[in-house]
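Working notes, structure below.
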Amino acid sequence: MLVLCSIVNNGYKALTATKILLHLDDTESIRKDSEYFREDCIKRIHSALDKILSSHVDLNNPETKRIAYSIVSETAHYELADLIQKNVRISHDGLWLNASTEFLSGAKNNEISSVVLKTFEDQERIKRSFFNKSLFTNSHSKVPENAGILGALIGSLLTIIVCLAIAIPLGIMTGICMQELLSNNKVSSIIEISINNLSSVPSIIFGVLGLVVYLNIFGVPRSSSLAGGMTLSIMILPYLILTTRQALAAVPESVKHAALSLGATNMQVIMHHSLPIAFPALVQGVLVSVARIIGESSPLIMIGMVAFVIDLPKTFLDPASVLPVQIYIWANNSSAEFTKISAIAILALLMILLVLNMIAAFIKRRLDNFSF
């Protein structure tokens, strides 16, 4: 309970963003097609900072100037460039740009930073009550104020889609074959023992298997959702097979005997009688499998999904990250701000797991009394 309260507290702090108000001059003259477009945006921001701070700190000193300019986020010029490219008119009242969280956290320990911060506070040019929408619209970033969980969420979704597309058909068909079609002999016993042993293999081993087979032999793109989904599909395959067998074993024998006595073949009994009755248990097994793999990180780290990915993945072949790996990266970062963002990612993952378990419980309650 204490851990959960700590996570919620850190996550709540990450939901607010601090911004500073700058009056930017002559932004209409910035040409979007110019090769100096980025530099022009940076110059406008620095010029606005000069007007505010020139009478309070010595901007002729390079070190003082560097510290003073660091109050604005490293990615602030991207915000300005994005507005200019969208032909958004910059108001004469000024533009609110992201402040650097590292500057704000260390301002008390630096005399120049303290003066700069006090200047903005005295002129009411800093506000800490903005909603941090970057958390839910951006991907990974080297600066905390621009980092978000959307890229990891999309990567997790694409990875799960690939995983289920491979594992569900193979798992259910293998379970049907072992439960209904294979006779009890040495071969089926060996297969059953192998599947049971496979379910107890450490997850990191599946990552090594994915690295060797999928990446090195088949040439699947590294860090892609396709590689991640294929690796995780091997992990949940034993569980889906066992779930299918248990669901089919729970089908009343009287139903099967009645169908066979009316002339139905074994395949017709399976497709038209056994599977419909076992369907609720199969759906519940799939949802529980998803809840298990969505929290896996070690096999995905092995296949390179720990890479620094700033673009949102659009296809199954694009480099991507997933929520558990993103949490691992941010939690290991030395910046306290990234720890707060990782708390948001943890809460998002917990919410997904809660929803999946609620859906599984709902299906069990509604369909457990299914009658043929």
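Every residue, even glycine, has its Cβ placed from backbone N, Cα and C.
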Worksheet entry | Matching range for TrEMBL feature annotation, transmembrane segment, among 223-242, 263-282, 303-322 | 223-242
Discussion item. Between the transmembrane segment (198-217) and the transmembrane segment (223-242), are there three or more CB pairs that fall under 8 A, provided the residues in each pair are separated by 6 or more in sequence?
Written reply: yes
Worksheet item: Sequence-remote contacts (6 or more beyond its ends) of the transmembrane segment (149-177), Cβ cut-off under 8 Å?
Response: 135-140, 225-226, 228-230, 232-233, 236-237, 239-245, 247-248, 270, 275, 282, 286, 289-290, 293-294, 300, 305, 309-313, 316, 320-323, 325-326, 341, 344-345, 348
Item to complete: Determine which residues of the chain contact the transmembrane segment (198-217) at the Cβ level, with the cut-off under 8 Å and only residues 6 or more beyond its ends counted.
Response: 227, 230-232, 234-235, 237-239, 242, 296, 298-304
